[in-house]
Amino acid sequence: MSKLAAFNFQQWIDEHQHLLKPPVGNVQIWENTDMMVTVVGGPNQRTDFHDDPVEEFFYQLKGDMVLKIIEEGKCHDLFIREGDIFFLPPHVRHSPQRPMPGSIGLVIEPKRPEGAKDAFEWYCFKCDGLVHRVEVLLKSIVRDLPPIYQAFYQDEQARTCPQCGELHPGKEPPQGWVTLLENKEQDKS
């Protein structure tokens, strides 16, 4: 008899709902596979930008999210609405923002090639300069990220912008940094 079996994804989400909100916010469905399949719940906001050496696939199952992206040195918002999918190429700096309570997204990414490092970057809210960058061999999003964030939040020197001297706020973004447009038609322009 085969040990392989399908399962009801919605039932799995319902059973893990308590983990899909702060402070945990996300759960990997399978461990020790060549794919990181992660379910992420909102509300969840962060101030870092991820430099991922591999592609990421986003599917927004419930609610809306904003993926802040840095392209050509400029930050802009990419709205991923309920039911939308998005494919992010490697090394595009991005910061997933899920301000809606109860929102749920699925993020799938391949295992990193041997020795490939992920990086996490924080930018100055005043001058847009790079404040701090940390590189890591990422094995588990759920286990590996919290210590990286905590180290940055607690280190005032790491949070001081080398360009203008502004102190990065750490965990909490400035008010208004993340907004979901009221008029969803504005997304299409």
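Numbers run from 1 along the shown chain.
Every residue, even glycine, has its Cβ placed from backbone N, Cα and C.
Not measured: the values here are computed from a predicted model.
What Swiss-Prot says about this protein:
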- ARG46: O2 binding site (BINDING)
- HIS50, GLU56, HIS94: Fe cation 1 binding site (BINDING)
- GLU56, ARG98, GLU109: substrate binding site (BINDING)
- CYS124, CYS127, CYS161, CYS164: Fe cation 2 binding site (BINDING)
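For the residue listed as 'O2 binding site', the spatially nearest entry among the binding-site residues GLU56, HIS94, CYS124, CYS161, CYS164 is HIS94, judged by CA separation. Neighbouring residues of the recorded Fe cation 1 site, listed in sequence order and excluding HIS50, GLU56, HIS94, comprise PHE49, ASP51, ASP52, LEU67, LEU88, VAL92, ARG93, SER95, PRO96 (Cβ within 8 Å of the Cβ centroid). Nearest neighbour of ARG98 (substrate binding site) by Cα distance, taken over the binding-site residues HIS50, CYS124, CYS127, CYS161, CYS164: HIS50. Counting only residues at least six positions away in the same chain, the Cβ atoms of MET35, MET36, ASP52, VAL54, GLU55, GLU56, PHE57 sit under 8 Å from the Cβ of GLU109 (substrate binding site).
Each of PHE125, LYS126, ASP128, GLY129, VAL131, PRO162, GLN163, GLY165, GLU166 belongs to the same chain as CYS124, CYS127, CYS161, CYS164, is absent from that list, and has a C-beta within 8 angstroms of the C-beta centroid marking the Fe cation 2 site. HIS50 (Fe cation 1 binding site) and CYS161 (Fe cation 2 binding site) have their C-alpha atoms 18 Å apart, to the nearest angstrom.
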